């Protein structure tokens, strides 16, 4: 809900009868967007194909297949942001809105949809990692694991769509000078023009400054601060859980759940707790299969370490699960994606919050609003190098 492009608008463009001309910063932004699109689009398309192929081959690995599926969704959101950036580039080159009123409304709605979906998917990645750590010493069935990832992804997309719909009603075109049409929000129009605004009466509460502030605050909470709070809580719990694992003494935990019979080898209702130090098992099957798997692994380990010091061999075979989690590529990649998301999204969203803390500071910093906003676009060029040009988990 309640998303909005917080562009740093020069109010003179709404009251000056003479159309504005290009600024040096406009040329810099055009060049910047052009370069991001030139390298970002082919990089993300290549990575999308690679991720789809990787997902098809990783379906037997429950943890990896779920993470790859979320990476595919994040890659799609990056392509949506690049599409929105292309529209912004065309808008800057023409220096006026040439698409008409409905195109203006749908463009603003689409821009928020791309940002909301990106932020939501990053949050889903953190929640999926949290679930994997909580149940790190259990064997999951593939169907339940993947179905949860599908649920998170679908919920993210639907929520992003619903949250972006208000954009359609709060933006419209206006002719600010002869033959110079712009796409702007209804509050700017209300402040500088005495004209009818579609879908709202002149005394509507939705056109007041109070609702405008509420709208902007809710947008900031939904697009960044809310998801960021979830990320902080999730990784605080993950860190505390892994530290807790590290302090546990070696030892096997009990096996719970209905035991399979000789005629029933289905793992659907079986949850097997294994030694915490053995890490996350990814095999499915009966207890006999698990025992067989573990026995074979121990034999192979003994053969590999034949002739070596026995103490070294034992220590190597008992690497704590929390260290395996911390060293896993899935964990590292997740941390990098989330850290990068924060690093490139924080400045612009922090600027939006400054407006309600210090108006004077906001007016000084708003001169750089477009720079901060374009950082969010740059992440589409960085993400493929974080999760696309590497494989494994």
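Glycine is no exception: its Cβ is also placed from the backbone N, Cα and C atoms.
No curator has checked TrEMBL annotations; they are predicted automatically.
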Range annotated as transmembrane segment - as stated in TrEMBL, picked from 49-67, 68-86, 87-105: 68-86
From 30-48, 182-200, the residue range that TrEMBL assigns the feature transmembrane segment: 30-48
Two-stretch contact, the transmembrane segment (68-86) and the transmembrane segment (148-170), at least three Cβ pairs under 8 Å: yes
Beyond the flanks of the transmembrane segment (30-48) by at least 6 residues, Cβ under 8 Å: 72, 75-76, 78-79, 82, 85-86, 88-89, 92-93, 374, 377-378, 380-381, 383-385, 387-389
